[in-house]
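Everything below concerns the one structure shown next.
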Ligand SMILES: [Zn+2]
């Protein structure tokens, strides 16, 4: 049965991932999510039903508009695929449980803000609120061990990033600070701590690879997303491995 559920969840993740791409790339521009229907940015050709099938239509159309042949770029299909793969990983980790709902919301939050941060360097408050409230509620229903760990994690994540923002005089965006409040509430202290270390290393790596100059703005949400999800799914294993290397 697991394989059938996995295939179903993968398809569900692709469709949601496609929707999150629309949310992340339209909301920051003040556009409606529903209208106009998805269209080619170049020739305004409105996409038909089969052209909307995530990833598959991209492969069949060789990544180009059917009418004007303009290339679409691989960023959005990659985000759709990532959403689907992460949804399946979450299911394999948590089976059908409240924690699975938390995981799916957590992944969804990251998909949207990674898109909006990469496209516009913006993490929108309404997205943080829309996901922060149900995530907090579900974390209260499915508490960490001990229950107050969510408060410690939230205060730690928020406080540390606020401190970095003050010390770097605005080098850290307000969205990142508020985002870490939610991450802390979901993960608790230890995994939040691990996620920050991972995000810092990934951010540094990205800055080196993309040859970002000092003071030049770089979207940090992708590094936070990768660091937090790695920590959420494998944080305890990573921590034990680290301890074993030390001792
Ligand atoms: Zn076109």
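Just so it is clear, glycine is given a Cβ too, placed from its N, Cα and C backbone atoms.
Annotations in TrEMBL come from automatic prediction, not curation.
Matching 124-147, 220-243 against TrEMBL, the residues noted as transmembrane segment span 220-243.
The transmembrane segment annotation in TrEMBL falls on one of the ranges 42-59, 150-167, namely 150-167. Ranked by number of Cβ pairs under 8 Å to the transmembrane segment (179-208), the listed stretches 72-94, 100-120, 150-167, 220-243 are led by 220-243.
When each of the listed stretches 72-94, 100-120, 150-167 is scored by C-beta pairs under 8 angstroms to the transmembrane segment (220-243), 100-120 comes out highest.
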